[in-house]
């Protein structure tokens, strides 16, 4: 568990945090440049020192301004991966990985190298590596110090799109197989969507929202970030069944289900899906003999006018689903809170 209750002033910027983060999964730190994202992880790592408050990691006090406690970075057991890999140019990859390696991680070296796909790189110098390869090595080096927490400061920001696509699967694999909590700084919605379990949104040094990805994603805090055509819902589902005759998989959503193209996943596997609001249409009665496979009973929570369109907030199985319709459709269907209807879903994207 990471307890953050501190304030810090750097120049004209003030950062104030009072949150407790669980010791598992990935928490994305999201916001515009200057929001306080890097300042937050620098304070946690010990690169800067808050003027007030405390930082406590798994019961160990890293910083207590009142008591004058401020552990040096090397004593905090916190790994840090920067935007630029910062590898030692005169060491080969193997030497970079072993630099600072904890004794407890010696037996894990080969496993971690395989997990990150860097075994073919061990005898190469950093100067011969691509940006994505350098970042994989930097992540491996940080993990081999046996940290209790891993901080990643926009590790994909300096990479072009092909290199980002190269690195994302390795990060996803790490989240599944390495039980180390991570704070992932980013201003990329795509990275957050594919990696994060939770999101903390910072604005001018203040926390505007903090919670599970699917909750924060559907909140008003995220509206300025989402292009109108990309308003969407994030839902947690589980694999219910694979169709015996068609290449389709059913995903459980409360007591209902969604059909998607067949997935290579076992039954009961947990997944996250994304549904664009523009791919959801509404009807008052269940349609007969329709080509749309996904028709879910839903309850209207509210509706909002938005630049000539209407965003309708629905509840399906205790989860939030958004639909975008025209004002004409809203008036004709008499959309209002409490109305039960049916949501027809044309397309579903699997995100994690």
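Here the Cβ of each residue, glycine as well, is placed from N, Cα and C on the backbone.
Copied over from Swiss-Prot:
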BINDING   31, 32, 33, 34, 35, 36, 37, 38  ATP binding site
DOMAIN    1-229  domain 'ABC transporter'
DOMAIN    289-352  domain 'Mop'
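Feature map: annotations from Swiss-Prot on the structure.
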residue	record	Cβ contacts under 8 Å, 6 or more apart
31	ATP binding site	37, 187, 201, 202, 203
32	ATP binding site	187, 203
33	ATP binding site	187
34	ATP binding site	13
35	ATP binding site	202, 203, 204, 205
36	ATP binding site	13, 15, 202, 204, 205, 206
38	ATP binding site	153, 185
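Using a 10 Å radius centred on the Cβ of residue 37 (ATP binding site) and all shown protein chains, the other Cβ atoms total 25. Residues belonging to the domain 'ABC transporter' (1-229) score a mean pLDDT of 88 in the model. The residues near the ATP site, meaning same-chain residues not in 31, 32, 33, 34, 35, 36, 37, 38 whose C-beta sits within 8 angstroms of the mean position of the site's C-beta atoms, are 39, 187, 202, in sequence order.
In the three-state DSSP assignment, the secondary structure recorded for residue 32 (ATP binding site) is coil.
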